[in-house]
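Over in Swiss-Prot, the protein carries these features:
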| type | residues | note |
| --- | --- | --- |
| DOMAIN | 9-156 | domain 'N-acetyltransferase' |
| BINDING | Leu93, Tyr94, Val95, Asp96, Glu97, Asn98, Ser99, Arg100, Val101, Lys102, Gly103, Ala104, Gly105, Gly106 | acetyl-CoA binding site |
| SITE | Tyr139 | site 'Important for catalytic activity' |
Amino acid sequence: MSNTSEDNITVRFVTENDKEGWQRLWKSYQDFYEVSFPDDLDDFNFGRFLDPNIKMWAAVAVESSSEKIIGMINFFNHMTTWDFKDKIYINDLYVDENSRVKGAGGKLIQFVYDEADKLGTPSVYWCTDESNHRAQLLYVKVGYKAPKILYKRKGY
C-alpha cells in the first residue's frame, strides 16, 4: 500500500510531460472495465487535452512526495437544450488501486467542480456501472444519484 494521504495529493491539468503516467492509468482503467481501445486513440485523446481550442480536458492527481501520477480524470464541456449554460461531463475517472481511499478521487472530482465554476458551467455529471460499488461510496459524498436510466444504441 502507498503512504499517500489527502494532504500529499495535488491535482492539476495534464501537461505534455504527463502522457506516460496518464497512459498507464488509462490502460488500467480499460482493464478495470474489460475494454480495449487502439493505441492511436491514446495519442488522439491526449492531443485533445492539450489543445486550447477543444473543450476536453484531463487532470491528474499527483502524490507530492514522489511526483507519481496516481489518478486521472477526463472531462468535457457540452451544450444542452435544458439550460442557457453548458454542462460538464466527467467521461473517465480512475485512481491507481494502491492509492485508493486516500482522497485522490474526491480531489479529482472537486478539481472538475472548481473548473466548471470558473467556466460558468457549474452543472457536472457522470455515470458509473451499477456494479462499481466502491466508486459509488465516493460519489454519494460528492454528488447525488440521479433518477435516470441510461440507454444506448444497440451495437455501439
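Easy rule for this one: first residue shown is 1, then count along the chain.
From the backbone N, Cα and C atoms, a Cβ is placed for every residue, glycine too.
Shown here: features listed in Swiss-Prot, placed on the structure.
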residue	record	contacts (Cβ under 8 Å, 6+ apart)
Leu93	acetyl-CoA binding site	Gly71, Met72, Ile73, Asn74, Gly105, Leu108, Ile109, Trp126, Ala135
Val95	acetyl-CoA binding site	Ala61, Ile70, Gly71, Ala104, Gly105, Leu108
Glu97	acetyl-CoA binding site	Ser28
Val101	acetyl-CoA binding site	none
Tyr139	site 'Important for catalytic activity'	Trp126, Thr128, Lys145
Query raised in the report: Of all the binding-site residues given, Gly103, Gly105, which has the fewest Cβ neighbours within 10 Å once its own Cβ is left out?
Result: Gly103
Query raised in the report: Including all protein chains displayed, how many Cβ atoms other than that of Ser99 (acetyl-CoA binding site) lie within 10 Å of its Cβ?
Result: 21
Report task. Could you break down the residues of the domain 'N-acetyltransferase' (9-156) into DSSP helix, strand and coil, giving a count for each? Result -> 58 helix, 35 strand, 55 coil
Query raised in the report: Widest Cα span across the acetyl-CoA binders Leu93, Tyr94, Val95, Asp96, Glu97, Asn98, Ser99, Arg100, Val101, Lys102, Gly103, Ala104, Gly105, Gly106, in Å?
Result: 16
